[in-house]
Amino acid sequence: MAAAAGFTGGPSSEVGVSPEFGPAVKLKEPLPSDRPAHVPPDPWRAFASAPERGPGRIRRGLRVLGRALIHEYAVVTYIALAMAVALTWPALQYPLHTLPQDAADPARQAWQVAWGGHILLTDPVKLWQSNAFFPEVNSFAFGDSLLGYAPAGMLGAGPLAATLRYNILFVLAHALLLIGSYALVRQLGAGRTGAAVAAVAFAYAPWRLAQEGHLDIISAGGIPLALAMLARGHGWSMRRGFRRTHRSAGWAAAGWLVAAWQVSLGFSLGLPFLGVLGLILLGLLVRVPIRWWRRPVERPVLGWRLLATDIIGPLIVVGVAALIALPYFKSSGASTAIAEIKFFSPPLRSLLIGPAESRIWGGPHSVPRSSLAWPAEMSLLPGFVLYALALAGLAFSIWTLWQRLFLLAGLAGTVILTLGTNFFDGRWTYLPLFGHLPASVGSRIPGRLMLWVTLLLAVLAAGAVAEFVRRADHWAEHRIPPWPGPWLRAATMIPLVLVLVEGWNSTAHPVVPDQPTSMRTITGPMLVLPTGELTDQTVMLWSTTRFQRMANGAGGFAAGRQADLRRNVAAFPDQASVAYLKTRGVTTVLLLRGYVTGTPWERAGDVPVDSLGITREDLDDAVVFRLSPPANQPQQPGSNQPGSNQPGINPSGFPNQPGLGTQPGQGTQPGQGTQPGQTGQVILPGQTQPVSPLQTAGR
């Protein structure tokens, strides 16, 4: 019997299960839409709704691209680029023919970028043996190398390409400053308005305007960007602490790579940055074991991927720094710079004095600025608006009390380091950290640590602005409509407008002298006359067509030897100067008639040379002296290059020393080394004489 077997009647009936098989269950009845297999499909099914097809790969890719183009950081990038073009104008008005601030340091740094790209493509082994400063070795280490920009130097050739490249990098460096600082403050926990104020205050601080002629100092955007990436990779912010779900080994790896790139630009900013990264690693080494001990349930704190990144990343950064540092310590000019540190150490009042390039504070601060020993490196005003916002941020902020006290302690420490030897002679502060390093490493100007002072002030200011915006939004929630009105929105933007106006510049953009035609064909080793500390930097730019070896060179760290060179050739052509040049391996001397007025070489082109054992070829605008004429080779045409005339004496049009602006009573950079009274004295290679810190200023 079926019931005895535990089952009951037809296909649509309930199924009964005997107690030994468990409770009864009900079988699913066939639906009216179910049709037997032999019956044709229902024609009305064509009118039923069909499932929507998913987007294809192209459509999905376009959607991702569209979201990326309107992402917050994409919009920040657009704004940063537009602001960089506007606030550095007219840098891109005539980018092939002008340089920012002057034609001295920017010309030399344009040559540095070009040399890095050229030599890495042709002969990477000779990277540090540049064509300038012949016959010195490791001459590319006579200052910050800007090696991180070498890929850009691989594009184009010649002075016009080098000038264009420099102007583009100059504008992009300003944009990166804003992007990096915005990303850092946002990662720390501030809102968009607070981060925008901090970014503009950091990127366009008044003190930075005096450094517009130093691309290595302007190129600091990688510092806050790397810190932002490292904080993002570790899931840390000041407002929320560490969050496990926000950790990312990829962001941490990107942060370490950006840090390595920043260090490759030079040690002036890279060396303090390495110290900050070391402090961060030390904090992790202390924080992680404590977290493991206090909260064992939440192990692991970092995760093995992030831990591996934090081991490999610092090794890469240290490896890059060590490889770049080797030629600096091997350089023959690697003497310590304690005397220069003392000279360039700014007084405390310099934190309230704006540079001459500031359109707002340049004129009003001309009198206090004249009391500074070297205004270009001692006008360190970060902005009075930034001071006010940071002061407000100590009492009115989204940051906690302990965080504000920590920021205040860091601010005090960085200010003390910025003062150099003016704080208890730097005996326990600056000198133990930087005083024992070679001068060429770039730690001889303490005022450049103002970058860290400005960054901490910007974080404090962002806390105040973010708190003001938060309270404005909270107040608006209790009104109708429940959102801030236009006037309240405008009020929250006032700090941004004020810091933007205070960063308004009046930087000059002088025209770069045209490259002489003969520089495209002449070969070295050669010396270009007249020669001088400022004008040699333009000559270095002119050499970017062929990169021929030349004794000319400037950049601060070889100032003593270059001054000896200029003094020994002050009476050229005579027997002593010819003998001296031969000992240095120089075979060709180019005398530029258009630039010799007011220099010791004013009549050098008319002196007979038959008794000196050299030959002379007169060209329209230059004279070519051959000290060792090559056998069976015709003489090559000469060169037309600028001389060493002091600005204001020589009609060559070379600009004044950067940072001095148009202040009455301010002179140009001393230390040209072309003194007529010492024409008969010969100093052999390797012998140097003391050089004043003024001769190496501004490099």
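In case you wondered, yes, glycine gets a Cβ from its N, Cα and C as well.
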Range among 1-20, 341-360, 361-380, 581-600 that TrEMBL annotates as region 'Disordered': 1-20
Candidates 69-92, 190-207, 269-290, 405-424; stretch with most C-beta pairs under 8 Å toward the transmembrane segment (380-398): 190-207
For the transmembrane segment (449-469), sequence-distant contacts whose Cβ falls under 8 Å of one of its Cβ atoms, 6 or more beyond its ends: 181, 185, 188, 190-191, 193-195, 197-199, 201-202, 205, 207-208, 220, 223-224, 269, 272, 276, 351, 380, 382, 386-387, 389-390, 392-394, 396-399, 404, 407-408, 410-411, 414-415, 417-418, 492, 495
Intrachain neighbours beyond the transmembrane segment (69-92), with Cβ under 8 angstroms and 6 or more residues off its ends: 98, 100, 167-168, 170-172, 174-176, 178-179, 182-183, 192, 200, 204, 503-505, 507, 509
